[in-house]
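These features come from TrEMBL:
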TRANSMEM  6-22  transmembrane segment
TRANSMEM  29-46  transmembrane segment
TRANSMEM  52-72  transmembrane segment
TRANSMEM  84-109  transmembrane segment
TRANSMEM  115-134  transmembrane segment
TRANSMEM  146-168  transmembrane segment
TRANSMEM  174-196  transmembrane segment
TRANSMEM  239-257  transmembrane segment
TRANSMEM  269-288  transmembrane segment
TRANSMEM  294-313  transmembrane segment
TRANSMEM  325-344  transmembrane segment
TRANSMEM  356-375  transmembrane segment
DOMAIN    400-516  domain 'RCK N-terminal'
């Protein structure tokens, strides 16, 4: 089968599954996994084909981790040290140890095999959890923040897990040498990326933005993400960890919000491919022959992880929050596939055990993608609680009835100055980096970005805004911005300045609430001044 036929078949199957599942409000992730199972069953894929697709799909997680990094600046990560280094460390160590004990003493597996299985099962799915938390906005809630912190530590923990696999498979490997090498590499990678981010990144992006060529800006971001991922990988770290660090560095710049909006299509496309490759790993014969065993193991692992994580976090946080975090992180992570494959290759896990573990992990992923969107509703059903405050990365979660200003040229600057003088809550968007820089020098709340980006508008809590003022003269851009706003919420009030009467008809279909005719206002003011001259004696 040629590649074009394969792409068409995959898109068709994926579309059919997801259109059907959408009726039941089931996550598209499940549809992608079923698509992978289907094309693997009907089409003849070799192991080489699957590995090739897996390498491409891995960059879905790379872009996901990069966009998560944009949410966590260095200062933000430091403020999360408890979630990352306390919750995360204890969760990985305790869960690994308990699963090791069960594998060794209950299932009578060898010590090395039990260690590998314990470490793999301790991990949760970065791809599913962070995608769903991002989509529903819970990434900014306390339970979402704690879940993200634990996942960040798990990503870091991948490095010692890989080291452990090397030690277990090679009797001559020196633990001290491997740890020293890893520590030196980590320090070098961290310092190098920090220096580049501090002294090169902002100037480079300002230079690219100054060209005013959108394609160059997107290409430069792709270059930064992939270069950071490759650089980290060269020193033994995961691609996704390198991308996460790059995101953290860009989070310090004024370009972060527009970058996030531009990269979402790449991220979601590659994540879709990733979940398709997950489904392709299922051996249907093994699944059929061991169906009840696989289902029972999946339920047992999910239940045990919920119990372990809940009792661990209950020591540090509220009961309801601990339940939500436990349910969120109950599944087994996608990196377990790589661990199981590597362990099988090095004869640490029997191939038959590996073929059972893979569908067990996939079932846990499917279960999580089904229930994760309803975690808060599930907990609230049994025990209603006051809503948690969102920790919005752009503007304060407490802001309500704020005004969004689109454009920060001469008119936009005057509007922002007046709003600031009146003490009204506002936030402005500007696509000219030079204007944004000027605004920052004046301590004004202006962000670089495309005001027609729905992602950016969502980030600015447009649903809670009292009004949107469009201070832009380009009719085409005005239409794009208004269409984006109306697609989010038809009731958001839009205020627009027009120059010509004909624009009223041009924008009639956009249902703009308030149109300010510039010429009428100026004419009225001129008349007022003329009348004032008449009634005021000369001299």
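Yeah, the Cβs are placed from backbone N, Cα and C, and that goes for glycine too.
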- Item | Cβ pairs under 8 Å between the transmembrane segment (29-46) and the transmembrane segment (269-288), at least three | yes
- Please indicate, using numbers and ranges, the residues of the same chain that are 6 or more beyond the transmembrane segment (115-134) and have a C-beta under 8 Å from a C-beta there. 27, 29, 60-61, 64-65, 67-68, 91-92, 95-101, 103, 109, 144, 147-148, 150-151, 154-155, 157-158, 161, 164-165, 168, 240, 271, 274-275, 301, 305, 328-336, 339-340, 343, 348-349, 357, 365, 368-369, 372-373
- Item | Same-chain residues near the transmembrane segment (269-288), Cβ under 8 Å, at least 6 residues beyond its ends | 10, 14, 28-29, 32-41, 45, 50, 53-54, 56-64, 127, 131, 294, 334, 337, 355-356, 358-359, 362, 365
- Considering pairs 6 or more residues apart, do the transmembrane segment (146-168) and the transmembrane segment (356-375) have at least three CB pairs under 8 Å? no
- Item | Intrachain neighbours beyond the transmembrane segment (239-257), with Cβ under 8 angstroms and 6 or more residues off its ends | 58-59, 61-74, 76-77, 126, 152, 155-156, 158-159, 189-190, 193-194, 196-198, 201-202, 205, 209, 224-225, 227-233, 394, 433, 436-437, 440, 447-449, 456, 459
- Using a Cβ cut-off of under 8 Å, list the residues of the same chain at least 6 residues beyond the transmembrane segment (174-196) that approach it. 159-160, 163, 166-167, 228, 231-232, 235-237, 242, 245-246, 249
- Message: If we skip the immediate neighbours and take only residues 6+ beyond the ends of the transmembrane segment (325-344), which ones have a Cβ under 8 Å from one of its Cβ atoms?
- Response: 61, 91, 113, 116, 119-121, 123-129, 133, 143-144, 146-147, 150-151, 154, 158, 161-162, 165, 169, 238, 274, 278, 281, 301-302, 305-310, 313, 317, 350-351, 354, 357-358, 360-361, 364-365, 367-368, 371-372, 375, 378-379
- Could you tell me what the rest of the chain brings near the transmembrane segment (294-313), counting residues at least six beyond its ends with Cβ under 8 Å? 87, 90-91, 94-95, 98-99, 102, 121, 124, 146, 287, 321-323, 325-327, 329-332, 356, 359-360, 363-364, 367
